[in-house]
Amino acid sequence: MSLRIYNTATRQKEDFVPVDPAAIKMYVCGPTVYNLVHIGNARPVVVFDTLFRVLQYLYDNVIYARNITDIDDKIMKAAAENGEPISALAARYAAEYERDMAQLNALQPTIVPYATEHLEQMIAMTQALVNKGHAYAADGHVLFDVQSMGDYGELSNRSLEDMLDGARVEVAPYKKYAGDFVLWKPSADAEPGWESPWGRGRPGWHLECSAMIEKHLGNTIDIHGGGRDLIFPHHENERAQSQCAHDGEQYVKYWMHNGYINIDGEKMSKSLGNFRTVRELLESFPGEVIRFALLSAQYRSELDFSAELLEQSKASLDSLYGALRKTEEEILPAGPALAASPGFAALMDDLNTPLAISELHQLARTVHKAEPESEEAQSAKGMMLALANLMGLLQEDPETWFQGGAEQDVSWIEALIAERQQAKLDKQYARADEIREELKAKGILLEDSREGTTWKKA
């Protein structure tokens, strides 16, 4: 069974054939750190974290880089408004980003490069492009000459004319062509800047990723991921810079892009004021619920994110954890059987997480129907955990999941449950009902089964 992924560059699904099976290389565009990240920033993290997990299952050595853009006009503006150094603001929000992503069960990438630590590589790549006739200096700027590249626009499937018609292009007098983009720009005295052959300045956004990939992953990588909004101009320009700097050598073999997020049926945008930060959502829902919601649609499709979706995701996870909680017997690890399972096949088909999640529910039904101590139940639980782990789900102990976040004293709750159990044995059913209602009023729900009574937070 081969991993198949949709390649934006060819606009079709392809078998994944790595450049070097001994070292799989994947890069995903990370955040520009000037504020708390919104749910749209989280989707590529969760999507490509899932791919990272699948690749780690398939290959011994997977190198995953996700950058931090810590120099940008937005960061400069936010720092000025806050009256704090740019580096301090960027460091603070980078830490907040990592904190939020950890709450979503995202693994730490192999490499987390910061843009400001790669100025030497950025200047060197810019100089190489000038030397090769693909870039030119003008009025303190260095610009990439898009007309110097014969297949510029191939990734986004646009002509130069289409790009100018459909994009916000800065028309500056120092440009040879309106579509030329900035590699290096001058910095005013009050702005951050670095010395270069073209004067004191700072890099353009597109250059940063190209330089970081070159340093840490080499000239050609297997997978480059990000949101669909990055296809043009960011990824198109990355590809142009890197391939022209390396004499046409292929930059990326497989380009992958996740779809947009809509909020309550409307596209998330600043103008609509419907941004939802991950931190805001974490105040109401566990991170695993948010992750489940993000995986509930196939990654290339648009996702309608809403409170209803989060409630549905919480209910689904409750059901899955309920199956894991059903028996205390030791599980049987899935082992090699995972690779032959329908759920694994779904993930191998361009990360079809909705289908894989439906397989988790099927396994949960098997657990519920089987005798708790049976091999069938334990095998199904083992398969559930193995498949869920590839999606970063079911990472909690079931008891912790159901009891987590309850502020009530656990010993008090369990003492009342024991009293209720004794009341039932003594046929004092009115008292047993009183205890149930008392706990319910405190947000604690009881579940009776033949194995005993368990509780969870409402």
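The backbone N, Cα and C atoms fix where each Cβ goes, glycine too.
In three-state terms derived from DSSP, Cys209 (Zn(2+) binding site) belongs to a helical segment. With a 10 A radius on its CB, Cys209 (Zn(2+) binding site) counts 28 other CB atoms from all the protein chains. As annotated by Swiss-Prot, Zn(2+) binding site applies to Cys29, Cys209, His234, Glu238.
Mean model confidence for the motif ''HIGH' region' (31-41) is a pLDDT of 96. According to Swiss-Prot, the feature motif ''HIGH' region' maps to 31-41.
Taken from Swiss-Prot, the feature motif ''KMSKS' region' applies to 267-271.
Per Swiss-Prot, ATP binding site is recorded for Lys270, and the stated evidence type is sequence analysis.
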Same chain, |i - j| six or more, Cβ under 8 Å of Cys29 (Zn(2+) binding site); the result in sequence order is Pro44, Arg66, Asn67, Cys209, Gly225, Gly226, Gly227, Leu230, His234
Non-local Cβ contacts of Glu238 (Zn(2+) binding site) (under 8 Å, 6 or more apart, same chain)? His206, Cys209, Ser210, His224, Tyr251
